[in-house]
Amino acid sequence: MAGPLTPPLPRAVHPAAWWLWAIGLAVAVSTVTNPFLLLTALSVAALVVLSRRGSSPWARSFRLYLWLGGFIVGVRAVLHVLVGLKFGEPVILPLPEVSLPSWAAGINLLGDVRLDGLVGALTEGLRLAVMIACIGAANSLANPKRLLRSLPGALSEIGSAVVVTISVAPQLAESVQRVMRARALRGDTARGIRAVPRVALPVLEDTLDRSLMLASAMDSRGYGRRREVAPGRRALTAACTLGGLLASAVGTYGVLDATTPGWMGLPVLAAGVALSLLGIWLGGAANARTTYRPDPWRAAEWLTVGCGAAAAVAVQLVRRSDAAALGVPLDPLGVPALPLLALAGLLVAALPAFLTPEPPPPAPRSVARPRPVATEVHP
Amino acid sequence: MIELDRVSVSFEGATEPVLRDVSLRVDEGELALVVGRTGSGKSTLLGAITGHVPHFTGGTLAGSVRVAGRDTREHRPRDLADVVGVVGQDPLAGFVTDTVEEELAYGMEQLGLGASTMRKRVEETLDVLGIADLRGAALRELSGGQQQRVAIGSVLTTHPKVIVLDEPTSALDPTGAEDVLATITRLVHDLAVTVVVAEHRIERVLQYADTLVHVGAHGVVTQGDPAQVMLTADVAPPVVELGRWAGWSPLPLSVRDARRRAAPWRSLPTAPRPPVAAPGHALLDARRVTVTHGTVVAVAEVDLSLRAGEVTALMGRNGAGKSSLLWALQGSGPMRSGSVRRRHGTTSDATDVRALDAAERRRHVGLVPQSAADLLYLDTVGAECAQADRESGRDPGTCRSLLDDLAPGIPDDRHPRDLSEGQRLAVVLAVQLTADPPVLLLDEPTRGLDYAGKAALRRALRRLVERGRSVVVSTHDVEFVAESADRVVVMAAGEVVADGPTADVVVASPAFAPQVAKITSPQPWLTVDDVRYAVGEPS
C-alpha cells in the first residue's frame, strides 16, 4: 500500500471484501444489546458507506435499509405492548389486560407497559436493525453485479443468469406500463381483477419474446461454451459434486441429531463441503471463461476484511470475559457499561473509511448526441 | 467463407418448406445483401448461416451449411461464436451487461481470452466505431444508432470472420442508419470481414453490396450480381424502380449512377409544382403543448393544427419527441401544459380532448402506438373484431368489414401473433378505426413493412383523408413520406423546426430527401410516379 502521504489511486474495492467486512460487523453486533455499542456500530457502518460508496444506483440504497431498521424497532415495540412479557418496575402506560381463552393459554393481550420490559424490547429491535444496516452497507458499497462476476468458473453461468433475471424486473415494469397505456387507447381503463388478463397476456408475450431474443443473442456470443474435457475428468467432477452433496446432507443430519455417533456430525459435514468445493473447482476447468478487468485483491481488501474480523473477535473476547457488559442491566434498570475492548474493535471497523482507496468517479451519464441536421423551409 | 449446399428448411406443421434447395456462396471480405418480402424467410436464411436454425429454433434442415469451414451440423451457435458474430434488429434486447465497456468484453470473456488481449481489443473497437467517449455509459441511455454500433462492436471484439446482421437499421433515423452503414462498409473494406445483412429498406444498403441474395416466394433463393438480381426482384427501392421503368442497363443501384443517367430529365423545362389541394378546416388544435419526462423536456411548447383531408408526416431523430407529442395529442399520454382541442366543423366550438374519458376520447382521436400488438389481447382475430365493435358501440361486423378493406383474407380464427407484421398492423388499424375518429395518429407504422405493405398502408391512409379525416404518421422512412404525406413536420429536441408541404420540406433537407428527388433535382419530383407523370414516355 502507498504511504500515508500519497493516497492510493481511486478504484473499487473488491465487492467480496466489503461483504466479508459487513458480515464481520454483523456478527459482532449479533450478541450485543448494549445501545452504546449498537449505535457505535451503526455510525461505523454509516461512516464507511458515506465515504466509500460508488456512483451506481444501488449505492443510494443504504437509506432504505435505515428506514427498514427503524420500522423493525417500531414493530418490536408495538408487539411488546400487544403480546410481550411485561416485567420490571415503573409502569409507564397503564393498560387493561385481556386474557385469552384456554386454547391460547399463556398469552395475554396488552397489560401495563413497564419501562424495563420496553427498554429490553427496544434494544433487541435495535440489534436487528443494526444487523440489517450492516447488510445494507455491504449492498451499497459492493456492486452486486461485480460480486457475481467474481464467482468461480463453474458457477459463472448461474451468475450470468442471475444478472439477466435482475435486469428483467425493470423491463417487466416497463412493459406493464406500456400495455396499460395501450389499453387506454382502446377506451379500456378498467383496473383490478378484470384488467389482469388483458394486461398480463401482452406483457407475458412480450417478456417471453425478449427472453428468447436474449437467449439467442447469448448463445451466439458463446454463453455456455465448453472446453473439451477428458471423460475420466468429467466422471471425477460428477463424483466429487454428488459425493460432496451426499456427505453434506448426512453431516447436517449428524449435527442436528444428537443420537447419531459423533463422527457422523462435523467431520462428515466438513468432508462434504470440501468435496463439493473440489467438484466446483474441477468443473470450472471445463469452462474457458475469463473475466475482463477483474477486481484485484490487494492490501486494501485484506485490510477491509481484517477490520471486519477485528470487530467480531473483540466483541467475542468481551463476551467470554464479561458477557453482562454487552447487554443492558434490566430489572432493575441500569446504565449499561462501556466495555472498552468491544468499543475499540468496532472503531477499528471504521478504518476502511480512511485507509481504502476512494471509489472511482462516476461515469459520464449524459451522452452528447450528434448535432441536428439543418433543415430549412423555403416558403 | 459461407457455403450453403442444397439447403432446405421446414418447420413442423408448415405445409411447405421455408427455404427450398438453397445453394449459395459468399466469399471472404464480401458484403452480401439479403432481400425479400416480409415473411419470405430472410431471417430463416440468416439463422441457417449462424446455426440458430435448427439448433435454437427447431425444425428440419436438409443439406449442409459450412461457415469458415465448420459445418453447422456439428457446431452449435455457441461453438461458432469465435467465427460468426450476430447482430439483431433490436440491440437492446441482445445486451447482456449494462455498460458499453462490459458489453464489448462479454463475448471475449465467454471465449476465454486473456486479460491483456481483452483490454487491447476493447480499446481498438471503441476507436474503430468512434464510440470511445461512451465507454462508461449505460447502454439504456444511448441513442438507437449508438446502441446498434455498440452491438456491432460487441461482436467485433471476438474478431469474427463473418458478421450477420438482421435489419440493423430498421429502428433508426436516417442519420443513425448512415452511421451504422458507414461502420458496416468500413468493416468490409478495412478489416476484410465477410458481412451478410438483411434489410427491408434496400435503398440504404444496395449500393454497397457485392452480392445480392433474393429470397422469393415459396423459399426459392437466387444469388447474383446486385444489378442483375434487382431487375426481377419482387422488392425494389425507388432508384431501381426508376431504372427499370426507364429501361436503363446496367441498372443503376446508387443515386450517383442514376443521376448520371437522368441528366436529360434535368434539362427538361422545370415542370410547375402539381397544385396542392387546399387543406380543409382544422380538426385538432394543439397550443403550446409541453411534455416533460422527469427533468427531460420531450416536447417544448409545440403549436400544431391538424386539418381535414391531410396526411401529415412527423419526422425527426430518435428521441426528438415525436412519440411524446402523439401521445399528448391523443390525450392519454402525459402533458405538462398546453391545450389540445378538437374543433367541430368551421364553428368555434371545441372539445378539450384531455378532459374526456378514455372511451370517449378515442372517438375523437385514435392512436396506433409503436408496438401496435400491445392493443391485442384476445386469441383470435374474430374475437378482437367483435370486442372492438362492442367497445366502440358499433354494429357487429363493422370492424371486420374495415379489416377486409385494409387487408382482405385474414381468417377469423387466426391468432393475432401468427399474422405478418403488415396484417397485424391492419388489425390494430381496423380496431382503432371502428370508433371512427376524425383524427388518426400512427406512431412508426412502417417498421417491418416491405414495399408492398407500405403501399397498402398508403392506400388505406389516402382513403381516410379523402373522407375528410386527418392522419398523422410519425416515421423515419423518407420514401414513404415522399409518396404518402401532404405535409411534413420536422421535430428536433422537442421543438418543431420545419412545417410545410412535403415537397418543400424534404427536398431542402440532405437527410430527408427521397432518392427520386436526389436523382432528378432540380425537378420537383419526389416519387417514381411523379417522374412517370411528368416525363411521359422514357426516352
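A Cβ is built for glycine as well, from the same backbone N, Cα and C atoms used for every other residue.
The compositional bias 'Low complexity' annotation in TrEMBL covers A:365-379.
TrEMBL lists A:359-379 with the feature region 'Disordered'.
Residues 62, 66, 120, 123-124, 126-127, 129-131, 133-138, 140-141, 304-305, 307-312, 314-316, 319, 325-328, 336-339, 342-343, 345-347, 349-350, 352-353 of the same chain lie 6 or more positions beyond the ends of the transmembrane segment (A:20-50) yet place their CB under 8 Å from a CB of it. What TrEMBL lists as transmembrane segment is A:20-50 (among others).
The transmembrane segment annotation in TrEMBL covers A:62-83 (among others).
The transmembrane segment feature in TrEMBL is assigned to A:125-142 (among others).
Among the features that TrEMBL reports, transmembrane segment is placed at A:235-256 (among others).
Same-chain residues lying 6+ beyond the ends of the transmembrane segment (A:268-288) with a Cβ under 8 Å from its Cβ atoms: 152-157, 225-227, 229, 233-234, 236-252, 254-255. Residues annotated as transmembrane segment in TrEMBL: A:268-288 (among others).
According to TrEMBL, the transmembrane segment annotation covers A:300-318 (among others).
What TrEMBL lists as transmembrane segment is A:338-355 (among others). Distant neighbours of the transmembrane segment (A:338-355): 1, 13, 21, 24-25, 28, 32, 34, 36-37, 40-41, 43-44, 47-48, 50-52, 300, 303-304, 307-308, 310-315, 317-318, 322, 325-326; these residues of the same chain sit at least 6 beyond its ends, with a Cβ under 8 Å from one of its Cβ atoms.
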Long-range environment of the transmembrane segment (A:62-83) - Cβ separation under 8 angstroms, sequence gap at least 6: 46, 49, 53, 93, 95, 107-110, 113, 117-118, 121-122, 124-126, 128-130, 132-133, 135-137, 139-140
